[in-house]
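Swiss-Prot annotations:
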type	residues	note
MOD_RES	LYS126	N6-acetyllysine
REPEAT	149-183	repeat 'PPR 1'
REPEAT	371-412	repeat 'PPR 6'
REPEAT	457-491	repeat 'PPR 8'
REPEAT	575-609	repeat 'PPR 10'
REGION	667-688	region 'Disordered'
Amino acid sequence: MASVASARWLRVSCGLCVPLTARRAGPCGRTPSSRFYSGSAAVPKDEGADIAGTEEVVIPKKKTWDKVAVLQALASTVHRDTTAAPYAFQDDPYLIPTSSVESHSFLLAKKSGENAAKFIINSYPKYFQKDIAEPHIPCLMPEYFEPQIEEISEAALQERIKLKKVKASVDIFDQLLQAGTTVSLETTNSLLDLLCYYGNQEPSTNYNFQQHEQTEELEEAEEGDNMKSKKKAGHQLGVTWRARNHAERIFALMPEKNAHSYCTMIRGMVKHRAHTQALSMYTELLNNRLRADVHTFNSLIEATALVVNAKFEEKWNNILDLLKQMVAQNVKPNLQTFNTILKCLRRFYAFGKLPALQTFREMKAIGIEPSLATYHHIIQLFYQHESPSKGSSLIIYDIMDEITGKTFSPKDPDDDMFFQSAMRVCSSLRDLELAYQVHGLLNTGDNRKFIGPDPRRNFYYSKFFSLLCLMEQIDVTLKWYKDLIPSVFFPHSQTLIDLLQALDVANRLEMIPQIWKDSKEYGHTFRSDLKEEILMLMARDQHPPELQAAFADCAADIKSTYESQDARQTASEWPANSLNYIAILFLRAGRTQEAWKMLGLFRKHNKIPRNELLNEFMDSAKASSSPAQAVEVVKLANSFSLPICEGLTQRLTADFTLSQEQKEALGDLTALTSDSESDSDSDTSKDK
């Protein structure tokens, strides 16, 4: 089998260069030679066949179970409680978050507490010597960071390297050289490993956590077409390779260098963005007739793609040259090799599509099983824009047909990016069936572990639920709403707006008060766009009296959010639309006193009322036989010089019996209106 795989890999020099013309453009075309079947069970041809030659089944005397097998069996019998908060937030009921902001703060506080506990344990290890865990859990015990060997020796150097003391390790190495002591090649390589991994700087206590966060920011910046975010994310990575640093100095002082020494330097340079220096170091490695390992080749492929001022053809040819050198040096590629190539091809946009398909086919031809990160890179390459074009690729359907029903295990750091990118494509294509297929894959086996951290999980479910609101029947959408929110994720205000629009299409507006109640619970009390959407839907049409009363109560609650001012939140300014909608809802529910109070807010906040609102106020005044209220409506329209003022005045004189005082007031308003119109006409004639 190894010889067959090597023979297949030898075709890389030509297989990746020939354009595909007669084969399908999808990445999942199955090749018979790339299929592998397990031969663990022999099936007899028929019942009468001779079974003497069949394989004998051997029953093992003892079955070795995993230490957590019982826990796994118990966990498989328990399903998610849709009414409970996520497991990470199950603490004191008062502390359970109710919004995405609070959940993020909760997780940060929890991580801060863990770091504080580790600091105390490691600072005072003598008080934490009792080990009560069975089996032993190393991460719960103190870590000893203080060196025990005081004299200057190679053993002391090895101890400080193990403790990740960068500066102390370099100092002892220099002292050993000054004393004329020869440091072994193995120890020197270990020191190079330390320096190249941390970029010649002391690692912080939460180095791994910071690296994970910074890598996520850089990945999100690459996926978005935003140059500012790319520069910001790249700047935050901080550590860059500096010329003539400790690693280069120690490497130059080494009397003997092996392949490990060169490979460590190359990988350190690539990690800290010294791509040109890494390629030069590889040339030096070849000149010394040494061979690089597969991990070094993976780093060199990345460095080749990131070299500035080089065109696509040049970069791709250089990558192919590296692959040919792998064949010449008898270095077999691994999954990371192909994933690195696909990730680099994403930088080439449309030029990288055909090489990506060729790379994927070659990958499967030599028997390497793709991971979720492989499909993620292909999706990101073929669907780089949010809105689908007229000739969008259908490759996402081939991918889902290939992997539906499969259970994946972690193989690549980017595996947890797949579901986010796949659901983004489903949303852009407006394909609900495909979204269900992706969600079904997520719930297959332990694939849920690849949903990613909290921001990616929220992105995935927000896209999924928004697509449900757009394409699914309202009853099914509401079932998903109860199942996912808030037990799985906390909705953004736009998610709730999508749900409101789905309720509007299905004529289920009676649920709007409940949606507003949920919005307050999820921390969207001060979201003006959400409140305006709710008010608009309630005020757009006439409804039965019971529903109008519920809408008026909801409008009064929304009105209180504009009037109140929390200690942490400045009061929102009154939008004109919200004033109009709330006043209309009060009028239709028969809450006339509250509605007439809204007229004063128009003057107070200098907002112009709509003509429909003024007409409804006139209807309300007529229904209550109140000419005084009608006069107030005319005064309000006149104060804003609205064109409808003349029509309202005519309605006032025709529909109401006015007192002498009211007639005089109305005459004054008419005179002021005519004077203002004559002044405007004279100004217009002068301009002419």
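Positions of Cβ are set from backbone N, Cα and C atoms, glycine also.
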_Overall pLDDT of the repeat 'PPR 6' (371-412), taken as the mean_ = 88
*Taking helix as H, G and I and strand as E and B in DSSP, count the residues of the repeat 'PPR 1' (149-183) in helix, strand and coil.*
22 helix, 0 strand, 13 coil
_At a C-beta cut-off of under 8 Å, are there same-chain residues at least 6 beyond the repeat 'PPR 10' (575-609) that contact it? List them, or none._
528, 531-532, 535-536, 538-539, 542-543, 545, 548-549, 551-552, 555-556, 558-559, 562, 616-617, 620, 624, 629, 632-633, 636-637, 639-640, 642
_Within the repeat 'PPR 10' (575-609), residues counted as helix, strand or coil by DSSP_ = 26 helix, 0 strand, 9 coil
*Name the secondary structure element type, per DSSP in three states, that contains LYS126 (N6-acetyllysine).*
helix
*Could you break down the residues of the repeat 'PPR 6' (371-412) into DSSP helix, strand and coil, giving a count for each?*
20 helix, 0 strand, 22 coil
